[in-house]
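Colleague: One structure is given below, represented as structure tokens, and several questions about it will come after.
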Amino acid sequence: MSSFIKNIVLFCIVGLFFGEVICRLAYVTSDIPSRIIDSNSIQKYNPNQKGHWTGGTHTWIINEDGWPGHLPKSKENLITIIGDSYIENFMNPDSCHQSNFLDKFSPSFNYYEASRSGISFIGAMEIAASLDSLNPIHQLIYVHDADFTESSSIIHKMGDITQFNSKTNSIIPGKLNSPLVKKFLYNWKFIYYLYINYSFTKKENTTTKPEVQVSDKPKLTEEQITELTKLLTYSKNNYDHKNITLVFRPNADPKIITILKDLNFNMLLLKDNKQKEWSFKHDPHWTCIGHEEAAKQISNYILNSK
Amino acid sequence: MLFNSLDFAIFLPVTFVLYWFIFQKKIRLQNLLIVCASYLFYGWWDWRFLTLIIFSTLVDYTIGSLLKEEQVALKRKIYLWISITINLGFLGFFKYYNFFIESFTEAFLFLGKEIKPNTLNIILPVGISFYTFQTLSYTIDVYKKKLEPTTDFIAFAAFVSFFPQLVAGPIERATNLLPQFYTKRKFDYSLAILGLRQILWGLFKKVIIADNCAKYANIIFNNYEIYDTSTLILGALFFTFQIYGDFSGYSDIAIGTSRLFGFNLMQNFAFPYFSRDIAEFWRRWHISLSTWFRDYLYIPLGGSKGGMKMKIRNTFIIFLVSGFWHGANWTFVFWGFLNALYFLPLLLRSKNRVNTNIVAEGKWLPNLKETIQMLFTFSLTVFAWIFFRADSITHAYNYISSIFINYINAISLSIPNEIFYLITLFLVIEWLGRSSKFAIEKLQFIPKILRWMFYLALILLLFMFAGEEQEFIYFQF
């Protein structure tokens with residue numbers, strides 16, 4: 001028995017090493033940047049990181065401010081771009097960031113991206129407030145329906161993202177979930193590969209927050225609408241919305257739009273061009289085409305609202 | 001619990017450790033652990049049907065004890081028939097009730113009389129056909145005084161529910177498996193290594209060959225109207241490899257797992273697609289079922305002793321019953337009938353036991369005659385599998401018709417090259433290992449480093465080319 005156990009253990013060690021080599025050579029999993037929480041209780045990435053996307057097709061970078069992508073050359077005439085995994089955009093090459101396309105269509109401005117997957121609406125508002133020190137002339141917050149419901153701890157309590165509690169009328173900052181386990185998992189590529197492909201939980205892309213498509217989305221209940229109204233009223237009263245525009249991805253929930261309209265939020269509702277597919281086949285995130293199409297509409301909006 | 005699931009990947013080592021490190025001192029404790037683990041394994045799927053297994057166990061244990069005490073022939077016969085009626089009664093109810101009702105309805109409709117019968121929403125308990133036959137073998141062998149009835153209930157319960165082969169065989173004979181529960185098991189290094197190797201090969205067959213072929217076989221069979229001749233032939237070929245990879249893969253994992261626990265189960269597949277005639281094919285395909293029917297049906301019916309007429313009758317009975325055993329659908333019956341037809345010329349010419357050795361034994365390649373024989377037998381088998389896979393006889397008929405009609409104005413399915421490379425690799429390894437119990441049995445003769453590299457390569461392929469997880473086909477039988 002002892003030689004059996006010894007051989008099995010040895011084989012497992014060799015197997016793990018062999019698996020690790022294969023995973024690293026073939027980039028079977030995407031590199032995941034490590035996160036921190038800054039002095040403003042905002043979750044961002046550790047600055048100056050670099051990694052590969054699945055398959056090694058391209059690399060992503062985290063800039064010195066702790067956000068994906070490059071910093072602008074100048075902070076004059078600045079527009080900030082705040083959002084979730086769509087804006088973070090690890091799945092596309094560097095040239096397909098929103099800031100690149102907006103720079104192409106409206107070069108008179110400088111663009112500063114601040115994004116992180118899984119961000120909620122209220123989390124994005126916190127980031128926008130923290131970026132006020134850069135004196136942006138405009139702040140674009142890219143959102144979708146789920147970002148609002150996930151912002152309310154009453155509707156759905158989530159410990160790892162920033163939320164609003166309507167009972168205490170306060171913001172609950174998100175916490176880092178099991179950072180040590182994640183660090184271990186993300187660095188041991190083979191184990192991470194096994195985890196994402198063979199874990200008990202349903203397979204999902206761990207680098208990005210799964211987005212709910214409109215057609216599959218459950219309808220908002222009256223209680224949820226009340227909670228959303230409280231959330232948005234709080235936002236309106238506690239943040240400076242003068243320069244902020246909420247950029248909605250196509251097919252936004254009309255009920256949420258109605259509440260936002262009633263509260264006089266600045267909004268831009270993107271429309272997808274049916275001739276061009278915005279998203280990947282097996283991933284709701286935008287492709288380079290989707291980013292370019294979105295940037296065209298946003299650029300027009302910026303130029304018109306100037 | 002599926003063998004190719006994470007649940008089983010946790011269940012197996014935990015049971016192994018408990019078995020050899022905690023419960024190893026007493027054989028009854030080890031048997032008790034096997035019973036508990038087996039019930040957990042089965043209950044993972046649906047715990048309600050555990051009652052059926054427990055009931056079957058109680059019935060056959062009691063009948064066995066009664067047969068031991070009873071010397072009056074008539075009473076012994078009655079006890080036997082009670083066991084047969086109860087076991088086949090469960091099988092008949094859960095598996096065939098709706099089929100018979102629907103068939104009667106259709107027959108009456110054909111005669112011009114419409115009846116509205118009550119069908120039931122019955123769930124087929126996984127593996128019922130397998131453990132029913134296994135427990136029946138015990139009662140019949142005790143009745144025939146080939147086997148001493150057991151007085152150890154735990155050992156008997158472990159024999160009935162032994163988890164590696166509980167849901168899809170091999171259907172073990174009580175004379176082979178039950179005595180293994182009486183004797184003290186000692187951990188055997190070489191047996192355990194052989195078991196792991198067989199599990200690995202079984203996983204390769206199931207996860208790579210069967211699951212990948214299943215994807216395309218399903219697409220093609222479900223949309224046969226639009227595909228061209230070559231795609232339809234490929235569809236039948238994919239199903240041919242799917243069913244072999246699926247079922248023999250399951251058997252390999254079952255036998256390998258048993259070896260880890262110190263048990264030897266019978267070989268269930270012996271490279272059937274390298275057969276030179278249909279008789280050889282049936283000596284190599286699902287051996288545990290074929291021999292079960294031979295021992296408990298064909299021989300009691302008179303076997304081949306009563307002249308040619310009786311031989312033919314019994315052969316047809318065996319094939320039809322075997323077809324029907326596979327499922328409550330006329331397609332299976334027709335599949336059995338077709339195989340009986342294939343078998344008939346060999347039987348009439350008394351050539352059914354010509355090819356009893358291994359094809360091209362000791363040679364790298366077969367000669368021309370053997371190649372032609374193998375290709376011919378394989379083609380017959382592929383054709384028969386169309387009926388096995390089809391949803392109905394009409395579906396099978398239309399599929400076959402489409403092969404001849406759809407050579408124009410039809411589309412071909414784009415199939416990735418990898419699947420063909422994997423099937424080729426699989427066939428090459430199977431061919432090289434055809435004189436063993438399973439293809440990679442005799443790897444111990446190559447240096448350890450090469451052996452380990454081969455294992456790692458197989459595991460890598462399992463990760464890289466795993467098909468979508470599919471339930472084992474034979475679970476439904």
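Sequential numbering from 1, following the chain as shown.
For all residues, glycine too, the Cβ spot is worked out from N, Cα and C.
Keep in mind that TrEMBL annotations are predicted by a computer and have not been checked by a curator.
Model, not experiment: these values are computed from the prediction.
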Colleague: Of the residue ranges B:219-242, B:315-338, which one carries the transmembrane segment annotation in TrEMBL?
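Modeller: Going through B:219-242, B:315-338 one by one, TrEMBL gives transmembrane segment for B:315-338.
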Colleague: Is the transmembrane segment (B:187-204) close to the transmembrane segment (B:449-467), in the sense of at least 3 CB pairs under 8 angstroms with a sequence gap of 6 or more?
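Modeller: In contact, yes.
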Colleague: Which one, B:79-99, B:119-138, B:187-204, B:408-429, has the most C-beta pairs under 8 Å toward the transmembrane segment (B:51-67)?
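Modeller: Ranking B:79-99, B:119-138, B:187-204, B:408-429 by Cβ pairs under 8 Å to the transmembrane segment (B:51-67) puts B:79-99 first.
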Colleague: Mind checking which residues of the chain, 6+ beyond the ends of the transmembrane segment (B:315-338), have their Cβ under 8 Å from one of its Cβ atoms?
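Modeller: Cβ under 8 Å, 6 or more out: 95-96, 98-99, 103, 129, 289-290, 293-294, 297-298, 301, 344, 347, 383-385, 387-388, 390-393, 395-396, 476-477.
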Colleague: For the transmembrane segment (B:79-99), what are the same-chain contacts with Cβ under 8 Å, counting residues 6+ beyond its ends?
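Modeller: Non-local partners: 52, 56, 59-60, 63, 66-67, 70, 119-120, 122-125, 128-129, 132, 135-136, 139-140, 143, 327-329.
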